[in-house]
Every structure is written in C-alpha cells, then in structure tokens.
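Under the heading domain 'Kinesin motor', TrEMBL lists 7-343. According to TrEMBL, the ATP binding site annotation covers Gly94, Gln95, Thr96, Gly97, Ala98, Gly99, Lys100, Thr101. What TrEMBL lists as region 'Disordered' is 446-570. Residues annotated as compositional bias 'Polar residues' in TrEMBL: 543-553.
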Amino acid sequence: MNTHGSEVKVFGRTRPTANFAQDLIEYVPDGQTVNVHLRKDSKKGIVNNQLNSWSFRLDRVLHDVSQEEVYNGVAQSVVLGALDGYNGTVMCFGQTGAGKTYTMTGATESYKERGIIPRALQEVFREVEQRSDHNITVHLSFLEIYNETLLDLLSSVKEIPAGAPRAVAIVDEGGGSVTVKGLSIHLVHNEEEALNLLFEGEMNRIIGAHTLNRNSSRSHCIFTVHIESHSRTLSDAKYVTSKLNLVDLAGSERLGKTGSEGQILKETMYINKSLSFLEQAILALADRRRDHVPFRQSKLTHALKDSLGGNCNTVLVANIYGEAAQIEETLSTLRFASRMKCVRTEPAVNEHVDPVLQIKKLQKEIQLLKQELSVQDTLANRTVMSYNGFTENQVAEIQSQVRRYLDGTVDDINIVSIRQVKEVFVQFKLALQQQEQKTRAEMIQGCTQEEKAQSTQSAAHAKGTNGMVGDVDGPSFGAGMASTLEKNNRLQSPHRSKIKKGKDINRKEGAASPAQVREAEALSTSRMNPLLVSQKDMEGQETELQNQDSQGPQAGDREHFRTDSPPPKAAAFEDFKAERGSEINRILKENKSVLAERRRRLRELTDGVNGAKQEIDRTGVQLQLQRDQSNRHGRFVSAGGEPVLEEAELALLLRLQDLKGQYRHQYKELRSTKAEVNYCEHLVDQCRTRLFSEFESWYNESFLIPEETQAILRAGGPTIQPGLIPMAKALALEEDDQEHFEHLRSQLLTSPGAISYFNAHDRTLQRRNYSRTITHKLQQKRITGDNGRTKLPAILSVS
C-alpha cells in the first residue's frame with residue numbers, strides 16, 4: 001500500500017446515560033485518550049494473566065456535547081472540502097442503541113437536535129448562495145443495504161410503475177471509484193427540497209423494535225450529496241465534481257445478550273456479517289504490505305470502496321454506549337476505531353474538462369495561430385497563403401499536377417505547405433487504385449475471351465470425333481474420364497449454360513433490350529445483398545419494371561419465347577404482383593396512398609406555418625411603427641401614471657397574440673405529421689423490400705431451377721423450400737450417387753488419411769441439418785398456429 005496521504009480522522013462520542021461506568025471508562029483530560037478497565041474474572045484462579053486495561057488515542061473525544069458542536073468538529077471541514085472538489089465521507093459506527101442514527105440524522109421533532117445530514121445540507125446551500133462566482137448544482141441519492149440487498153429509498157419520489165422495480169447494482173469505474181447503477185439521483189435547488197428528500201428516505205427505512213432500542217435501524221444507509229461546480233468568471237473549460245457520503249451503519253449485536261429470534265435474528269446475522277467484512281477491509285487497508293483489499297466480499301464494503309481507500313476525506317465517529325453492561329461492545333468499537341485510524345487516504349480535487357468549452361477554446365486558439373501565420377507571411381514577403389482546407393478547384397489542380405508528373409510531362413511538383421503534401425499523396429493513392437481496377441478489368445476480359453476460345457475449340461473437337469468409348473458426349477459422362485474443364489464448369493457455375501442459351505435466344509428473337517439487361521443485372525445485385533438496396537434504387541427498379549412491361553412483348557407475343565428460356569423479369573414481375581404477390585402488393589399500394597396523403601398534409605401545414613411566421617413578422621413591424629408614431633406624438637397617461645395604449649396599437653397586440661397562438665398550434669401539428677410521414681416511409685420501404693425478396697424467390701423457384709431439381713426439393717419435405725437456398729447448392733442436388741462416389745474416391749486417393757476427416761464432417765452436417773429441421777418446424781408451428789397456415793400481416797405492420 002502507498003505510505004503517503006493523510007490518516008482517517010476518528011472521533012469518539014458517548015451516549016448520555018445516568019448509569020455511566022466511570023470506574024471502567026476513563027477520559028483523559030487531553031480530550032483525545034480513552035482508557036478502558038475491566039474487572040478480573042475470579043473464576044480463572046489466582047494465576048490470571050488476562051489483559052484488563054486498554055488505552056485508545058483518537059483525534060477527539062466528544063463527551064456530553066451538543067449536536068452543533070459535533071457537526072462543527074466532525075463534518076464541517078469535510079462539507080466545505082466537498083464544495084471545493086474533494087470527495088468526503090462521514091461514517092458512524094457502534095453497537096445497537098449507541099446513538100449512530102441520532103448523530104447522523106438527529107431528532108426530527110427538534111430543530112436544535114438535528115444531526116449531521118440536515119446541518120450539512122444547510123451548509124451546502126449557504127455556501128452556494130455565497131459563492132456567486134460559481135454555478136453549483138446539487139443532486140441527492142439515498143441507498144439502503146438490507147440483508148445484502150440494495151434498495152433505493154427515494155424510489156417513491158418518482159412514479160415507477162408497479163411490478164417493475166429498479167435494478168440496483170454496484171459498478172466499478174476507472175480510477176478505483178464505484179457507482180450504484182439504477183439508483184435514482186434527484187436535482188435539488190434549495191435546502192427545503194433537499195430536506196424533503198431526506199425525510200422521505202427516512203420514512204422508507206426499515207426499522208424494528210429491539211431490546212436496546214425501540215426504533216433500531218436494521219439496515220445500512222448511505223446518503224450521498226453529488227456536487228458539480230462551474231466557474232462563472234473564468235473561461236476555463238475545467239470544472240470540479242465531488243461526492244459527499246454520509247453513512248449510518250447498522251449496529252453490531254451479541255446474540256447471547258439480545259436473545260433475538262425470527263426476523264430480527266436473521267437481520268442481526270446479516271448485519272454482523274457485513275460489519276465483519278468491513279473490519280477485514282479496514283485491516284487490509286491498514287496493512288501497507290498488502291496489495292489486495294477484499295472490497296467485494298459484501299455490498300457494504302463494495303459501496304464504500306472509494307470512501308475507505310480512495311481520494312476521499314474520511315471521518316469516523318465511534319459511538320459508545322457507556323454503561324457497564326455494554327463494556328465489551330464498547331471495547332470492540334474502540335478497537336475498530338483504532339484500526340480505522342491507521343488507514344491512509346489521498347484526497348485530491350476531481351477536475352474534469354467540459355468538452356464544449358474545450359472545443360471553443362481550441363477553435364479560438366486555431367484562429368489566433370492562423371492570424372499569426374498570416375502576419376509572419378506578410379513580414380517575410382511571401383505570396384498569399386491559405387491555411388484553410390482546399391477548394392474543389394485547388395484539389396483538381398493538384399490532381400492535374402500529379403497526372404502530368406506520372407505521365408512524365410512534369411519533372412517535379414512545387415511544395416508550399418504540409419497540407420499540399422498530404423493531398424498529393426492522396427492523389428497518388430487514387431491514381432494507383434484506378435490503375436489496379438483498370439488492370440483487373442483487362443485481365444477479366446482476357447480470361448473471358450480465352451474461355452470462349454477454349455469452348456469453341458472443344459465443341460469443334462467434339463463434332464469431329466467418331467464417338468469412341470471414353471470420349472465426352474455433351475455435358476454427360478461416358479465410360480472414361482470427363483473433361484476437367486467441363487466438370488468444373490458444371491460444379492461451379494451450374495446455371496452458365498442456361499444463361500448462354502437465353503442469350504442466344506434473345507439474340508435470335510430480338511426480345512431483350514439493353515434496358516432489360518441493365519434491369520436484370522440490378523435485380524440480381526439486389527438479390528445477392530438486399531440490404532444494400534436503397535429506397536431510391538428500389539423505386540427506380542419498380543418504375544423500370546413497369547415501363548419495360550408496357551414497352552415489352554404483349555401476351556400474344558410471349559408464345560414466341562422458347563419454353564426452356566425464362567421470361568423477362570418485367571413480365572414475370574407483373575404476373576407475380578397479380579397472383580402470388582397480390583396481397584403484399586395491395587398492402588404496398590395502400591401504404592403508398594397513406595404516405596401520399598400524409599405528405600400532402602405536411603405540405604399544407606408547412607405553407608401554413610410559413611404564412612403565419614410571415615404574418616407575425618409583418619404585424620410586428622406594424623406594431624413597432626405604431627409605437628414609434630405614438631412616442632413621437634406623445635402618449636396619454638392614466639391617473640396612476642401608466643401610459644395608455646391607443647386603439648390601433650391594442651388591436652395589433654391582440655392580433656399578434658392570436659397569430660403566435662396559431663403558429664404554435666400549427667407547428668405542433670407539423671411536427672406530429674412529420675413523424676407520421678417518416679413512419680409511413682419506413683413501412684413503404686419494408687413492403688417494397690419484402691415484395692422484391694418474395695419475387696426473387698418465386699422467380700428462382702419457377703424458372704431458374706430445373707424440373708428435376710424442383711422434384712428433388714419437393715421430395716425433401718417442407719423443410720427445404722425452393723428459392724430460399726443458394727442456386728449452386730440447389731443445382732448440386734442433381735449430382736447422382738456414381739458421380740459423388742467418383743468425386744470422393746479421387747480425394748481419398750490423393751490423401752488416404754482423409755477418411756476420418758470426411759466421416760467427422762458428414763456426422764457434423766447430419767447433426768446440424770437435424771437441428772435446423774427441428775428448429776424450423778417449431779418456428780413454423782409458432783407462426784402458423786392451430787389452423788396450419790400463415791396469416792398475412794395487416795396494413796402498416798409489414799415485417
């Protein structure tokens with residue numbers, strides 16, 4: 001542990017009693033020492049080495065003193081330090097009935113007997129009024145720890161719905177501090193509001209009747225004052241915060257003396273357990289050789305982590321019950337106080353930086369530096385320099401210089417600033433990326449031409465053969481080995497042959513226009529990644545589909561298409577909207593009509609608000625002119641000396657009030673309508689996205705998947721739905737058992753030890769498919785319900 005810092009201040013206070021044990025408890029006249037003497041037990045015999053005298057030295061002993069003197073000596077310096085930015089803690093410890101709650105809160109029926117907390121609140125707001133050069137805000141919170149459960153004593157102040165309690169938990173933060181998550185923090189403006197919260201929390205505390213105290217506190221309570229101070233005079237972005245913890249601990253008890261039973265016994269066990277963990281934490285803090293302190297053993301020590309060993313001014317009040325029957329508990333309290341005095345803390349001001357003010361300060365500093373640079377450039381006879389960002393023309397000029405430098409027409413580039421150097425490197429990077437894209441496109445084009453040439457040669461070679469055994473006959477396999485290129489094309493791109501066939505048909509029939517090709521590419525892109533399709537793109541696709549349908553072939557011309565070629569997506573899209581997608585298309589149209597009506601209403605309200613604003617401005621100008629005219633001609637004065645308004649000025653004032661009321665009403669309706677428009681636009685986007693996704697699934701299922709593959713998908717049961725799986729995987733289902741065996745045998749021959757890998761892989765796939773099947777069936781049951789069919793969503797709630 002760190003050996004620097006200040007010690008925790010410890011005070012001892014005795015409860016006034018008529019039976020004070022003067023022969024057992026001795027207060028030394030120096031006001032800081034307490035001597036405790038015990039009588040020797042005669043039952044232990046003549047030889048008795050029992051220790052019967054102890055001496056404890058505290059910072060001050062408070063014996064028979066008033067509440068005001070206790071506050072001035074114990075808590076006043078801590079409260080003033082909290083206003084300066086230092087965290088503070090005042091804690092009362094002692095046995096049950098020793099006067100802890102009385103010291104901390106006082107008697108509510110007597111103003112003179114109020115305790116530390118009410119006096120601290122009074123001190124805080126008195127200082128807030130006196131420190132007019134600071135803007136100080138105060139927040140309060142009240143935490144109760146009952147049977148290791150965190151409770152918010154001020155939860156009744158805010159309206160919290162029944163059955164939804166606030167989840168309160170202690171959270172560690174950086175720098176060794178802790179916060180209580182879920183604990184309500186209330187802003188207070190004066191002493192009265194703060195005392196109202198204090199009394200509200202005291203009424204919510206859990207108390208119980210006890211043999212030593214009729215109103216015994218059965219829980220630990222932490223009343224926290226959060227203070228934040230900003231300077232009004234200094235323009236510095238720094239501000240200070242502090243936290244003042246006023247802790248009222250529950251009393252320790254000896255079960256043998258109290259004879260507690262039932263709920264009181266349970267509460268006593270929790271109290272003694274938490275106080276025991278508190279003492280262990282104090283022992284660890286006092287031992288400077290230890291690096292770990294067990295703060296997380298209980299909720300109490302965790303909540304007081306930054307109060308016991310942090311940057312905090314900590315004060316302990318040891319409450320003593322000075323009767324002979326309680327001498328053992330008194331001795332335990334003084335031992336705890338002496339151990340607490342060995343703990344050292346490092347008080348420090350909690351300074352923070354306001355980001356808004358810091359940004360303004362840095363902007364001002366940047367402006368001053370620019371002005372200084374401008375002065376230096378003028379003195380050095382430099383050309384006019386600009387220290388702002390480059391304009392579009394300047395960026396274009398730098399880009400032109402870089403192009404000429406790369407082409408070799410310019411040998412060097414004149415550098416005048418660091419910003420220009422960075423922009424030059426940016427242009428170099430852009431030029432490199434463009435060159436890479438160009439090279440990649442050329443390589444792809446070259447590979448495509450090479451593949452076309454190879455396919456043409458293989459077709460010519462196939463026509464020239466005599467059908468020998470082992471040769472390739474079309475896309476199927478003979479008795480020998482198949483062509484590697486042909487097999488790879490079939491496995492990797494199963495739909496390539498269909499696309500080529502469609503291209504040939506379109507070339508012969510002249511049915512596909514360039515616009516239709518662009519439309520097909522756009523829809524395929526949206527199918528691969530529907531999340532990348534924006535609202536504008538989807539609207540453009542829908543409009544383009546409708547235009548192409550009106551310009552494309554009619555119903556009678558569709559017979560000219562080959563049966564093995566898919567129809568244009570424009571025509572298929574119209575068929576889909578009329579049949580399978582009719583319901584979602586109807587919902588989309590209704591949502592569009594609602595959206596159009598809301599937009600029309602929004603335009604009307606916008607025009608009304610603008611008109612009201614212009615009328616308000618004109619009326620204000622007329623009112624000012626009328627007032628100036630009245631002032632020039634002189635005003636009438638009433639008997640009381642008040643100026644009398646003229647009839648025209650009064651009429652303008654009344655009209656101005658009516659216009660302002662009309663403006664506020666229309667503006668409120670405008671905001672509401674704007675929110676409705678945004679919501680309707682979101683619903684239209686959802687409907688449109690769903691329409692396109694369902695169309696893509698239907699189109700793939702109806703035209704792109706071969707009939708034999710569709711039969712395999714239908715045989716797979718309801719868990720395999722066409723259109724919802726990748727095309728390559730769907731077409732791969734055509735692979736027969738012989739081809740799968742040949743493929744697996746070739747891999748095993750290449751690597752004979754791979755049989756274990758494939759067995760494990762197959763078992764994993766089987767388990768995963770089984771899990772997916774079960775999950776899908778359960779989801780279908782939840783969606784469809786008892787009737788066995790999916791219900792279409794209602795209007796304005798499409799998901």
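Including glycine, each Cβ sits where the backbone N, Cα and C put it.
Note that the coordinates shown come from a computational prediction; the quantities given were computed from them, not determined experimentally.
Counting only same-chain residues at least 6 apart in sequence, those with a Cβ under 8 Å from the Cβ of Lys100 (ATP binding site) are Cys92, Phe93, Gly94, Ser217, Asp248, Leu249, Gly251, Val317, Asn319. Sorting the binding-site residues Gly94, Gly97, Gly99 by the number of other Cβ atoms within 10 Å puts Gly94 first. Other Cβ atoms within 10 Å of the Cβ of Thr101 (ATP binding site), summed over all protein chains shown, number 25. The local packing around Gln95 (ATP binding site), expressed as other Cβ atoms within 10 Å of its Cβ over all shown chains, amounts to 24.
With all protein chains in the displayed structure included, the most crowded Cβ environment within 10 Å among the binding-site residues Thr96, Ala98 is that of Ala98.
Across the domain 'Kinesin motor' (7-343), mean pLDDT in this model comes to 84.
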